[in-house]
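Novice: Quick one: this structure, given as structure tokens, is what I'll be asking you about.
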Amino acid sequence: MFKRHKPATPERRRDPAIHGAALPVPHNEMRTFFSLSQLVLSASHLKPPPVQRHSKIAYFEVEILDAQSKKHICVVDKIPPSSTLLDIKHKFHKVCPQWYPSRIGLRLERNGPYLKDSMNIKNLAASSIITLYFTDLGQQVSWTIVFLTEYMGPLLIYLLFYLRISSIYDVKESARSLRHPVVHLACACHCLHYIRHLLETFFVHKVSEGHTPLKNMIKGCIFYWGFTSWIAYYINHPQYTPPSFGNKQVTFAAIAFLICEAGSHFIQVALVHQNQSGNKASFPSPSINPFTWLFALVSCPNYTYEIGSWISFTVMTQTLPVGVFALLMAIQMAQWAQKKHQLYLKKCTTYRWRKAAVIPLIL
């Protein structure tokens, strides 16, 4: 018997699209698609712009307490880190208008040193809350007024005695007596001394914008004005007697006075240039100017020359008031020089060999 054969069924080709597979793409089409994509991306910004994150600024809060009673006075808040202590004082003044910024003294500790106005607040912060102690510094005056008052007063007072006005000396006695040349020379030297100080205040020194208590200026004026009156009264008196050794003593003392005045001026100029250079760790060195050679021996040659001026003026006039004034000025300037000398020793490592503060090999 013959078997019946079934007709052969042709194999079905699998359609990749039916089973979810990707259709094969010709190489040329893929390359065209890639080029088109690159063109679109370069022509337009398809990426979203980056999100800008705003940095959070940490504000400080300053609590101000009374330095004596520890009582709470006020709180100054929302202080940015870039603020200085002067900004704190201005905000404190807005809260308490009776205290001006110049008379506000702030300290980290009750008995600690006063903080400088230029100090940045973030350098004081151990946390977001800062505690400062307030002290009323009293009535304040600027340093410019202090210098002008202390220097202008002796200049005018001496000239009043030099003119021998009738309210000070007897008119008949003044008319009979002839003035010794040293009287005129002493007036010229005294005026030169204070005129130099005034000119240096205006043109040499960069006067600080800070302030000082009014009582300190009053003490300085009493000292300078009082001694000037005493000195001028004796030198310009009709019965004044000239120095014992005559013109030789006067000439020698006048030359020494002029040398000391010139040296003091050039030292002041050198110190100002040193401060303007910004290198506070170094010390001024002697230059080609011979008046600055004293820097090689002492720390404060400006005080050395100042003391020398008044000693020379004492020898030139030979009067007790000038000698007492020169002695007190020497004591005060020696104390200032010792403080500066110790400060230089701490700051400058190459400064050890300078042993004297104001008088070579002695003090």
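Cβ coordinates are placed from backbone N, Cα and C, and glycine is handled just like the others.
Okay, so TrEMBL annotates it like this:
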type	residues	note
REGION	1-20	region 'Disordered'
COMPBIAS	8-17	compositional bias 'Basic and acidic residues'
TRANSMEM	141-163	transmembrane segment
DOMAIN	212-363	domain '3-oxo-5-alpha-steroid 4-dehydrogenase C-terminal'
TRANSMEM	250-271	transmembrane segment
TRANSMEM	310-331	transmembrane segment
Novice: Below 8 angstroms Cβ to Cβ, which residues of this chain, lying six or more residues outside the transmembrane segment (310-331), approach it?
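Specialist: Result: 182, 185-186, 189-190, 193, 227, 230-231, 233-235, 240, 242-244, 249-250, 252-254, 256-257, 260.
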Novice: Same-chain Cβ contacts of the transmembrane segment (141-163) under 8 Å, 6 or more residues past its ends?
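Specialist: For the transmembrane segment (141-163), the far contacts come to 183, 187, 190-191, 194-195, 197-198, 201, 207-214, 216-217, 220-221, 224-225, 228-229, 231-233, 235-236.
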Novice: Over the domain '3-oxo-5-alpha-steroid 4-dehydrogenase C-terminal' (212-363), what does the predicted model average in pLDDT?
Specialist: 89
